[in-house]
């Protein structure tokens with residue numbers, strides 16, 4: 001920590017004070033030079049008239065949008081960490097979503113976000129919301145995202161299995177793509193699954209939101225997010241302290257899909273209940289199951305997602321080949337791919 005210096009022209013009352021013990025001095029704290037890394041600056045703007053308080057963090061200048069060219073239309077979502085606005089890029093009249101993340105973040109967090117944003121900009125999949133750009137404006141981090149005109153799937157009730165299978169296929173396609181790129185979402189839930197008027201479903205809120213969540217007090221985290229966490233993520237003792245983020249994403253997907261089918265949170269407690277009730281329900285009870293009225297394929301699909309033992313869960317890529325998913329495309333002899341039913345007890 002640097003000592004506080006008096007402003008120029010103002011005499012310090014301590015300046016001419018005589019030292020009673022000149023042979024004594026306070027030890028200076030050790031400073032690790034490896035930590036003295038300056039915050040990376042954005043690339044210089046091609047126009048000298050650009051405002052200094054707003055800059056785009058981007059290496060692809062042709063894809064960058066100036067923040068001054070974005071006109072806010074209305075607020076489309078908000079939470080503890082920030083607000084999402086629908087904006088229009090005035091030169092092209094193209095709509096985008098602008099996520100404004102509040103808070104003064106430490107330099108280390110900003111450096112990490114700068115590195116992560118380049119990864120997010122390279123993500124290109126029809127079932128993943130595209131990250132176009134990022135701005136640092138007056139201390140606020142603002143992320144320019146693809147606009148999904150129908151919003152999130154939170155509160156959706158999708159009881160028709162054909163429609164639910166197609167929706168699941170799209171989510172799994174995006175999730176398998178992220179996993180192949182070694183990206184773990186860590187927050188799959190209905191509010192992070194967006195849909196547009198063309199019925200395209202896309203995964204949102206990964207990457208930067210994950211980094212920021214790591215810097216926040218866990219006591220300030222959303223209970224709704226806890227509701228979709230896997231048991232071993234909440235209680236690390238369940239899997240000997242090992243956490244597989246890919247398997248955790250699959251669990252969260254399974255809870256979300258079952259919630260769509262039932263039209264309610266699938267556990268015996270409220271999704272917005274207290275932490276203790278949620279954690280007991282998730283970690284100590286049996287995983288929820290699809291009702292007996294559902295098809296055999298769907299019941300098995302949910303079971304493959306919601307295995308208590310993480311290694312027994314199917315991967316996103318494997319689930320894409322599950323009979324419930326293939327049924328949406330009309331694949332033949334799908335029941336032959338399911339395990340045989342349990343034998344009935346003998347009458348003797």
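Backbone N, Cα and C define each Cβ position, glycine as well.
Annotation source Swiss-Prot lists region 'Disordered' at 1-26 (among others).
Summarising the annotation, Swiss-Prot assigns region 'Disordered' to 35-54 (among others).
Annotation source Swiss-Prot lists domain 'Protein kinase' at 70-325.
What Swiss-Prot lists as ATP binding site is 76, 77, 78, 79, 80, 81, 82, 83, 84, 99, and the listing cites sequence analysis. Cβ neighbour count for residue 78 (ATP binding site) (all protein chains, 10 Å cutoff from its Cβ): 11.
Positions annotated as phosphothreonine by Swiss-Prot: 215 (among others).
All protein chains shown were included, and the count of other CB atoms within 10 Å of the CB of residue 225 (phosphothreonine) stands at 16. Sequence annotations record features per position, and here Swiss-Prot assigns phosphothreonine to 225 (among others).
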Structural state of residue 76 (ATP binding site), classified by DSSP into three states: strand
For residue 225 (phosphothreonine), the one of 76, 82, 84 that lies nearest, given that the binding-site residues are compared by Cα: 82
Around the Cβ of residue 76 (ATP binding site), the count of other Cβ atoms that are within 10 Å: 18
Count of other CB atoms lying within 10 Å of the CB belonging to residue 82 (ATP binding site): 18
Model confidence over the domain 'Protein kinase' (70-325), averaged pLDDT: 88
